[in-house]
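First up is the structure itself, then whatever we jot down about it.
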Amino acid sequence: RTQAEMAHTCRGTINLSTAHIDTEDSCNIVLSNGGRTYHLKANSEVERQRWVTALELAKAKAIRMRNNQSDDSGDEEPASQSDKSELHGTLKTLSSKLEDLSTCNDLIAKHGAALQRSLSELENLKLPAESGEKIKAVNERATLFRITSNAMINACRDFLDLAETHSRKWQRVLQYEREQRIRLEETIEQLAKQHNSLERACRGAPGLSSSSTGITSTAKGSVQSAKGEASDEDEETEYFDAMEDAPAFITVTADPKHHRRSGSNLSGASEGHPEDWNLEDSVNLLPKKRRRTRIPDKPNYSLNLWSIMKNCIGKELSKIPMP
């Protein structure tokens, strides 16, 4: 195996560029990427923090490498490219505002220090008593301003550090959400394509047809036939109820003088007196079977004589049925 095959051939791997790193308690780490979640446990809190830091650095490196590859390839879709540019624009604006705040912080500290030095030099000069009292009051006000400025500078520094930390976290969260949305859109598109293909397959399926033909004979020799027409795709197959009393089929020999069959389905030979019984009153004749006028159609199944002969090799030919 090579390093390039690691991401898609090794089991247990996870893509850190789209992974979400979270901590449950003092020793547990949770890595989640899509539907896969890994629960890791460290020996101590210090070791867990080291692992979290290493994973965050590796994730940032993976994101940078992926962005460089995407910039080199230029194969991204226009929608994702616009979202990415909008995200980068927002983060760039926040970064510029933070840089302005840092610059103002440095300027306030610099000017405050210069004002404090000037007041100290003015206080060291020999001036009348009234001027000394006024300079002392100005120095106290400058000291109060310096304390306030230092408090504001510290608050700005804290805000700057917090904003930088959260900006990185927001960037990771936005990147993760964007990847999840792209993956969801691809899944929905695949489901829509499968749904359309299933609909086309259902429309293209041939309709099922059913036909039924029944011939019954009554006591007076009448024949009834029923044929079912082809049903539509959405209609159910039509079935017919069975008859409670099936009629008895009575066959009569070609010569009525030598054989007859009564209504109780019992046959007996006549004694040469055809006038003793009436054929119309006691029996019913079946319609004669018509002879075929042509050879039947060729069957649908194929018949391979070569395979039959090949199977007959080494066998007793007198016991093998040939077509």
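Just so you know, glycine gets a Cβ as well, placed from its N, Cα and C.
Automatic, uncurated: that is what TrEMBL annotation is.
TrEMBL lists coiled coil at one of the ranges 62-89, 174-201, 258-285, namely 174-201. DSSP places the residues of the domain 'PH' (1-60) in helix, strand and coil in these numbers: 23 helix, 16 strand, 21 coil.
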